[in-house]
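Database features (Swiss-Prot):
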BINDING   R21, E102, K141, K466  (6S)-5-formyl-5,6,7,8-tetrahydrofolate binding site
DOMAIN    237-391  domain 'TrmE-type G'
BINDING   247-252, 266-272, 291-294  GTP binding site
BINDING   S251, T272  Mg(2+) binding site
Amino acid sequence: MSETIVAVATAHGIGGISIVRLSGENALSLSDILINKNRKKNKTQNSVSSSQNRIQNFKKINLKPRYATLCELYDNDGNFMDESVVIYYKSPNSFTGEDIVEFQIHGGFTLENLIMDELITNGARIAMPGEFSKRAFLNDKMDLSKAEAIQSIILSRSKSAAKILARNLHGELKNFVIDLRKEIVKTMAFVETCIDYADDDLPNDILDKIQNLLSENITKIDEITQISASRRGLLEGFKVAIIGKPNVGKSSILNSLLKFSRAIVSDEAGTTRDRIEENLQIGSHLIRIIDTAGIRKSENSVENIGISYSIKAANEADIILAVFDASREFDKEDEKIFEILQNQKDKKIIKILNKIDLALKFKAGNSDNFLKISAKNDTKIITKVLNDYLNSQNFDGIMLSSNRQIMAFSNAGKALKRAQNLLNENSLELFAFELNIAIKEIASIYKPFERDEILESMFSNFCLGK
């Protein structure tokens, strides 16, 4: 990690301010080259000397750690580039644990590129994606759970997600994992006692204690894994599928919710043959709303593919909007929609009776359970019901924020369940082996056991400058 790295830490583009970030042992010296007021006098010397000589030839400027200093920036030919607020973070009290210098410059591609080019010419290297965070991890400035929380917060698209992820950033997930690991280690200690003193008299209830500890830990792992999977909508957007038979107004509802015309609306049944997906912000939540092909029996092979996609969308959705036509009598196609809903009892289902501005002919069960709307006139009630439902959900507590974390917990749970079966068979050595797998998987949430492979995979998904 001796190389000094540089990247733009803010979003690229035109804006008020851009931040160029340097990290490494030569960060301060490289900054001095840009800031030195005598650059014009040293123009000839600078143009012929190597980057390492330039670093050595300039004295370190008097940047006070954690203070903002207004400086002028010059290129290697002594030409003025920009005024910058420069902040120096002295090692080890910085994000990466190394010397960091940040240049707050005027925003825009041109200035960013000018400053970056000068720093690279003088010896810095462009940072790889996530390299600043990777250095922070390697220098023990953060653990993996915190690094993933930072990345998830950056990518989060709802206030609810940001609030939960802030808890992970604050260390709640790591503390939970440490406590869980201690419980599994405690179970391991009991097992090793049984193995080491197999010929001695042991308490009669020791196997019961092991079994109870094992069951408790399996329950904890299963709960957090299931809760985290059900809350993926907080990070990715809650999937809302609009389903119904053809020509009930599904596309009209989509267009009305989006407040622009996204789907083709026609009196001809079967107009929508492929799923249409759009993002929609409702309150503090991101919604991924999906319009689907009308579900019916069809001889058209292309339409049947669309219908299969509709059923798949319902299966994958967090919330289903089931739409029926108030102006048409209840028929076998509507009955088919009810059959699909019967298999989705674990989801929020909102039944909608559309076209209430026309003569009412639809009759099916308790119509009080339907939202009665006219998509042509107003769909605000749908937005309100969705917002009220999501606001009523309990999103408190710990959440696994990445697929890597969910996989680690899932693998740990599987290992403990295998261990449970081995305990019943009195295979204590194999039982201990499975416990070791679980311990490693749980600990990998904040400290991986396959270090290089996991770090490379994880940090490569981070943005540049982070």
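Backbone N, Cα and C atoms are what each Cβ position is placed from, and that goes for glycine too.
Across the structure, A293 (GTP binding site) and S251 (Mg(2+) binding site) place their CA atoms 9 angstrom apart.
Counting other Cβ atoms within 10 Å of each Cβ, the lowest count among the binding-site residues N247, S251 belongs to N247. Taken residue by residue with DSSP, E102 ((6S)-5-formyl-5,6,7,8-tetrahydrofolate binding site) is part of a strand.
The average pLDDT computed for the domain 'TrmE-type G' (237-391) is 84. The Cβ of K250 (GTP binding site) has 31 neighbouring Cβ atoms from other residues within 10 Å, across all protein chains displayed. Here E102 ((6S)-5-formyl-5,6,7,8-tetrahydrofolate binding site) is positioned 58 angstrom away from N247 (GTP binding site), judged by their C-alpha atoms. Look at the Cβ of each of the binding-site residues R21, K141 and count the other Cβ atoms within 10 Å; the largest number goes with R21. It is 47 Å from the Cα atom of R21 ((6S)-5-formyl-5,6,7,8-tetrahydrofolate binding site) to that of S251 (Mg(2+) binding site).
Sequence-distant neighbours of E102 ((6S)-5-formyl-5,6,7,8-tetrahydrofolate binding site) (same chain, 6+ apart, CB under 8 A from its CB) are A9, I19, V20, R21, L22, V86, I87, Y89. All chains included, 27 other C-beta atoms sit within 10 angstroms of the C-beta of A293 (GTP binding site). For the recorded site, K141 ((6S)-5-formyl-5,6,7,8-tetrahydrofolate binding site), the DSSP three-state label reads coil. For the recorded site, N247 (GTP binding site), the DSSP three-state label reads coil.
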